[in-house]
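Following: one structure in structure tokens, then a few remarks.
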Amino acid sequence: LMSREYLFARVWIPDPEEVWKSAELLKDYKPGDKVLLLHLEEGKDLEYRLDPKTKELPHLRNPDILVGENDLTALSYLHEPAVLHNLRVRFIDSKLIYTYCGIVLVAINPYEQLPIYGEDIINAYSGQNMGDMDPHIFAVAEEAYKQMARDERNQSIIVSGESGAGKTVSAKYAMRYFATVSGSASEANVEEKVLASNPIMESIGNAKTTRNDNSSRFGKYIEIGFDKRYRIIGANMRTYLLEKSRVVFQAEEERNYHIFYQLCASAKLPEFKMLRLGNADDFNYTQQGGSPVIEGVDDAKEMAHTRQACTLLGISESHQMGIFRILAGILHLGNVGFTSRDADSCTIPPKHEPLCIFCDLMGVDYEEMCHWLCHRKLATATETYIKPISKLQATNARDALAKHIYAKLFNWIVDNVNQALHSAVKQHSFIGVLDIYGFETFEINSFEQFCINYANEKLQQQFNMHVFKLEQEEYMKEQIPWTLIDFYDNQPCINLIESKLGILDLLDEECKMPKGTDDTWAQKLYNTHLNKCTLFEKPRLSNKAFIIQHFADKVEYQCEGFLEKNKDTVFEEQIKVLKLSKFKMLPELFQDDEKAISPTSATSSGRTPLTRTPAKPTKGRPGQMAKEHKKTVGHQFRNSLHLLMETLNATTPHYVRCIKPNDFKFPFTFDEKRAVQQLRACGVLETIRISAAGFPSRWTYQEFFSRYRVLMKQKDVLSDRKQTCKNVLEKLILDKDKYQFGKTKIFFRAGQVAYLEKLRADKLRAACIRIQKTIRGWLLRKKYLRMRKAAITVQRYVRGYQARCYAKFLRRTKAATIIQKYWRMFVVCRRYKIRRAATIVLQSYLRGFLARNRYRKILREHKAVIIQKRVRGWLARTHYKRSMHAIIYLQCCFRRMMAKRELKKLKIEARSVERYKKLHIGMENKIMQLQRKVDEQNKDYKCLVEKLTNLEGIYNSETEKLRSDLERLQLSEEEAKVATGRVLSLQEEIAKLRKDLEQTRSEKKCIEERADQYKQETEQLVSNLKEENTLLKQEKEALNHRIVEQAKEMTETMEKKLVEETKQLELDLNDERLRYQNLLNEFSRLEERYDDLKEEMTLMVHVPKPGHKRTDSTHSSNESEYTFSSEIAEMEDIPSRTEEPSEKKVPLDMSLFLKLQKRVTELEQEKQVMQDELDRKEEQVLRSKAKEEERPQIRGAELEYESLKRQELESENKKLKNELNELRKALSEKSAPEVTAPGAPAYRVLMEQLTSVSEELDVRKEEVLILRSQLVSQKEAIQPKNTMTDSTILLEDVQKMKDKGEIAQAYIGLKETNRLLESQLQSQKRSHENEAEALRGEIQSLKEENNRQQQLLAQNLQLPPEARIEASLQHEITRLTNENLDLMEQLEKQDKTVRKLKKQLKVFAKKIGELEVGQMENISPGQIIDEPIRPVNIPRKEKDFQGMLEYKKEDEQKLVKNLILELKPRGVAVNLIPGLPAYILFMCVRHADYLNDDQKVRSLLTSTINSIKKVLKKRGDDFETVSFWLSNTCRFLHCLKQYSGEEGFMKHNTSRQNEHCLTNFDLAEYRQVLSDLAIQIYQQLVRVLENILQPMIVSGMLEHETIQGVSGVKPTGLRKRTSSIADEGTYTLDSILRQLNSFHSVMCQHGMDPELIKQVVKQMFYIVGAITLNNLLLRKDMCSWSKGMQIRYNVSQLEEWLRDKNLMNSGAKETLEPLIQAAQLLQVKKKTDDDAEAICSMCNALTTAQIVKVLNLYTPVNEFEERVSVSFIRTIQMRLRDRKDSPQLLMDAKHIFPVTFPFNPSSLALETIQIPASLGLGFISRV
């Protein structure tokens, strides 16, 4: 195969790791070559050697354009590697798990939850052809459902695959599809019960295995029954091969059945205390696998779901508890232990707790059960004896009993589920869903795998025969030569298993032998089949195994355990003990064992145990009678399998093959080895082989012509497409065996489509090259001519420019010479003058400079002389001072020296005196020593004393002298010291002063420097400050400007926020309006069903009671919204319409059923009440006749009663007034001060309301007083004034009356007046109570508002200032908005109340006037009363026509019948004025209003509403009828508004129209009823147009090629899609436009409001866009570049239609935005990051899921296009991960926008309307 990227063909070669590898030939293959040179994709070169025996060439690879197809049969080369690669590309790259393979749907388990199973997906697949949509389990289910209805043949969906492949989930989704699409035929919600059976069966039949957490351990076949209208009426379930061995044994990492773990998880519930359960690890039967918990699964919640499902299926609580008791008993039975006594016997410990619990739960005798668990009974021909059994045998018997009980319980639950799903209605057809195991092969295969593979052999044979049959039918239908296709027939393998002396037959025979063992059975197999059957083999190294060659693979089976599992023996004595149980439910399980003990799975469903561990057979043998009735497990399984095959052969099968992509449960991970193994086992490759053996590729002639038109020449194209295709194929494919011409199709052999695609690609490539060559030549020639012309033009302009430049140069040269002459002269002159002036200036400056220098020199010399004089004088003075200082200093020094000398002398003298003193001291001592000699030397002593005295005097004088001298010297010394110190201090001070002077000088210099610096800095600072000031001013201006801008921005932001909030409020209003309209829609649907049921009930009652035909009583206007006539109309043949499925239909049906039951009960009670009331009325009439004469006596008592009643009402009014005053006082005292302040608006509103209510009370009181006075006057006219209770005077007055009838008539009138007053007072009381309650509610709301304000204030105080301001502003806006809305609402209520009160006052005044007239006529004594007190109101007859129509009350039904029920929009109504019926009805209402006849108004409006509903119910599928009555209902509503008298609706009225306003009645509530009716009609109109448009949309918008030739048709598989070529029955875009024109013209013709037409058009365009986009998202073949161009062209045509109709502002274009963006997404580049960014910004109307889905589905139609890479899709997902949008994939095509009815007044005058005679309204007269 040649392509533009590869030079040689690409092939597939085997690979041990990847199974198949892709490679490219490096050299052409020639016959005889033994080696192929290949280049692998990873870049390596390889020499591939061909098999010398087979010489088979490698498989060719398909073109890239065919990879990723929905149907594998669309591939040109059909073989295993192509299938595997296609599945891998779809699963890994496109995330698509479903793929067709002919008639088989291949489903790959993604191990991830995908959003492709919602109700929107179900609705999208409903009604679609299987080939039109992408592969899906819903497509298979829809095909089965459609074929069941079309062919009236039962269907089957066969779901197979190995454990963990997703079989159960696929079957569950198929059943959900049937339940959603078909609905139920009754109100019993059968579809819910069918779905509810899944949790029950999963809990008791599913378990965790190593491959799957929720593996189904049984097969099941569910038949879903349908009635004649193909609605679900019931279901039935058959089960196969329950794995009983799992009850007693689980492998590692596996669990027992879910129900056991759910029970253990719920053991703490009160109702489960009696079961005495605990943790799952405490029981032997639940702890063996070691994995009691499944990640992500809550067993307690699952238990609640299981119980809920049981309740829904009708299994009572008692039965549920019985089931749980038995299951708990099985768990406790597994904990029963045995103790060996010897080798052949065992015992159970006494009072063994597990066995005690088991016996208590089962209600059996402990001793009996204990005995028979350790013994068995053997019966011989002559006697019966009891034999003990070993511990191993007892354990096996215990396990067998547990398995047997569980199997019986399983059967019982299945039977009860089937009973709940059974329907009493006759089943018309059914769809069966078979969820069964796939082909199994393990390391050790036993009896279970043998049965499973046997069943798969049978299913594969049926599958092969069905595929072969379809192929043969296709060939015969197309009338082409039929040759037998060789396909694998596995009948020999089936014969090996089930024929006479087959494996099963020999197994049953060996089971009957007394000493039969597995070994003897194996030897019989070897002797019978070895070397005689090619499919049977014996392993080399084993004598206990055998090998069977199945259709998928060889499987080796171990013979050990076959006999025991086939017998499945359980001891009869144990079963008898259980049958004697006191627990009633337990014997029910064994009712089928009454005659004989049969194997556990001996049921009609054919369940068989699957045992994984061999159990040693027991030696017991049942009795001879039991033998005759016993059937082995294999025999029963064979019989049930035959029944299943008969069922499947009687139905049309549909196949779903589930594939497990990997063994590790990784999401979107593809293991090629495991996938190929399963593809081989499930028969997909066999389908491919059968298809490839014949003509796998099939094209219709039109599709072939459209695809390969490029290979034809113009002369080859004929008018006959078939002949054209034949002629072309004969030229293109020379070998005629490669194709065949059928009746409507062309059949091709494998590979021929790839060859044709290559020719087409080559032709397109050559055409592209030729087009490119021509276009490039044309572009280059055009460019050359343009460049040549431009060059000549440039040259011309350049040469002219150059000549002009040269002339200009010459002129400039001459001018320059002259200028230079004068300029040079001028320069020289100026230079001379400058130099002369400069010289003079220099001279003057120089001379001045010299003179100044001379002057400065003289001045300096003069100053120097002065300085010298001063200095010399200073120096002389200084020298003198120094000399004087030195002289003084020398004098001082000399004087000091002399003083020192004198001092020394004085010191010497002082020293001598001291010595004397010392000596004297010594003498005194001697004298004292010589004191004794005193007397002796007295004379000497006296002399000596005298001398001493003299000496002392001399000494004292000298001492004083010396002392004075010393003091003088000391003073001199002190003075010298002082002078010296002063000199020193002066010197120091001088030095210091010098230093200070120097320091001062330096400081002065520093200060000067600093001053200069400071000055400079100051100047710099001033300049900086000036600059800063300037900058600050600029910043201030900028800040001011910024503040202004921020204020403006804040204002704009607030405005934007206000706009956004307004928009949000509008959205909320639309949501509320949509919710309300949906409720109305649901109400109308329920109402229709109620009417239908009521009619059915009426039909069931054949003979109604005569004269008691019930009609609705006249309800008040508040109840008129739900008031519908219950009169039984004439029985008409109304065709029953199929109810449209709603999204919430399933939960509503049950509630509807309960409501209808309640309603029927109420109707019966009401009927009985009415009957009793009628009988009571008749009795009252008889009594009134009998007591007519006694009335005068009773009348006085009645009048007294009426007076007391009035007094009571008056007191109640006073009490009400007091309550209002107390309410006012409480309001003023208890309200918040800021709310109840005198100036607060809420306070003013409340006070105004209170004042108005008080005034209204006073007015009402005055009216009551007036009426009371009138009543008293009337009583005085009838009777004297003494007392009303005086019966004698009353009789006298009565005797004065001549006519008793007149008295009775007067009394009746008085009584009616009293009743009227009483009713009015009661109504006033109720209104006052309501108003008081409303005021209390307002007070409460004000309190709540106050609390909320305080909370908001506290929150705002915690916020920052900016946020606080913003929050306060936002809160203030919200508060003002709410207050404004509340005030407007209150104002409207007050206006309504005022108008109502004014009208009532007018009525009261009118009645008072009438009563006064009657009183004046009755005042004269003795006058006879000729008329009743209440006269009849006779309207005044006008001369001019007042726009009213008068009719009689009895003509109302005739009016409604002629004007509504029998009016045909296509007949009489075509020529009418738009809205004429609405005008006529309103004019009739006006006349009833003019007459003040509320009964007539109410009756007419109610009849009108009910009649419109009847018409729409009868002809609701006709667009013209629905549009006609929508227009008239809206016009009637507008008339009620326009003439209501409200100012808001009277702005556009003329003065004449204002005179026609209603005067007596306020019909605002009826306007609401009519608005609701209009909403219902609008929704019905949308449904009608949707039903009309829906078949056209996909064909016209997607499939039809509006631009012919742009999109080629790709090869398709067996599932042929709808042709895109416009045939006679195909809808095109023109069909849609014509239908839109029809809708628009009908609505305009009926006079529908323009705004309403815009809303309808918007809804239509939304439906078109939503359905188109949904189909685009579910169809891989539509996601291409060319299809994007087609869609954009179609959308542009729709926009052009909007422009033509002037509807561009209707919002319809915006609804198409998602579709437009999806089309753009198909056309834009999808490679780089910039492309991803552009896509993310462009596709804002699409969700992330939709964008990714379109990119995954994008499929190239031609080889020139490229696929979207996985990395690019991941880039898109990363960029869009922060986008918050809905995860829903599809748009809601059923969504209806909320509708509004803007007021549209009519300018038509009512008095000008003429009634056509064709309406048949001659009984109406103009007033």
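The backbone N, Cα and C atoms fix where each Cβ goes, and this holds for glycine too.
Feature annotation from TrEMBL assigns domain 'Myosin N-terminal SH3-like' to 6-58.
For Gly164 (ATP binding site), the count of additional Cβ atoms within 10 Å of its Cβ stands at 21 [all protein chains shown]. According to TrEMBL, the feature ATP binding site maps to Gly161, Glu162, Ser163, Gly164, Ala165, Gly166, Lys167, Thr168.
Annotation comment: TrEMBL describes 596-629 (among others) as region 'Disordered'.
According to TrEMBL, the compositional bias 'Polar residues' annotation covers 598-611 (among others).
If you look up TrEMBL, you'll see 641-663 marked as region 'Actin-binding'. Listed as Cβ neighbours of the region 'Actin-binding' (641-663) (distance under 8 Å, sequence separation of 6 or more from its ends, same chain) are residues 87, 91, 101, 103-111, 137, 140, 143-144, 147, 151, 153-162, 164-167, 170, 174, 211, 221, 238, 240, 432, 434, 438, 454-455, 458-459, 462-463, 466, 606, 669-671, 674-675, 678-679, 682-684.
The coiled coil annotation in TrEMBL covers 913-1096 (among others). Mean pLDDT for the coiled coil (913-1096) in this predicted model: 78.
Per TrEMBL, the feature region 'Disordered' maps to 1105-1146 (among others).
Positions annotated as compositional bias 'Polar residues' by TrEMBL: 1114-1126 (among others).
What TrEMBL records for 1134-1146 is compositional bias 'Basic and acidic residues'.
Feature annotation from TrEMBL assigns coiled coil to 1153-1229 (among others).
Per TrEMBL, coiled coil is recorded for 1318-1407 (among others).
Most Cβ neighbours within 10 Å among the binding-site residues Ser163, Thr168: this distinction goes to Thr168. Gly161 (ATP binding site): 27 other CB atoms within 10 A of its CB, across all protein chains. Each residue in Asn109, Asn212, Ser215, Ser216, Gly438, Cys658, Lys660 lies on the same chain as Gly161, Glu162, Ser163, Gly164, Ala165, Gly166, Lys167, Thr168 and has a C-beta within 8 Å of the C-beta centroid of that ATP site, without being one of the site residues. Neighbours of Glu162 (ATP binding site), defined as other CB atoms within 10 A of its CB across all chains, total 23. The Cβ of Ala165 (ATP binding site) lies under 8 Å from the Cβ of Ala107, Asn109, Gly438, Cys658, Ile659, Lys660, Gln678, each on the same chain and at least six residues away in sequence. Note on the binding-site residues Gly166, Lys167: the fewest other CB atoms within 10 A surround the CB of Gly166. Here the region 'Actin-binding' (641-663) has, by DSSP, the following mix of helix, strand and coil residues: 9 helix, 8 strand, 6 coil.
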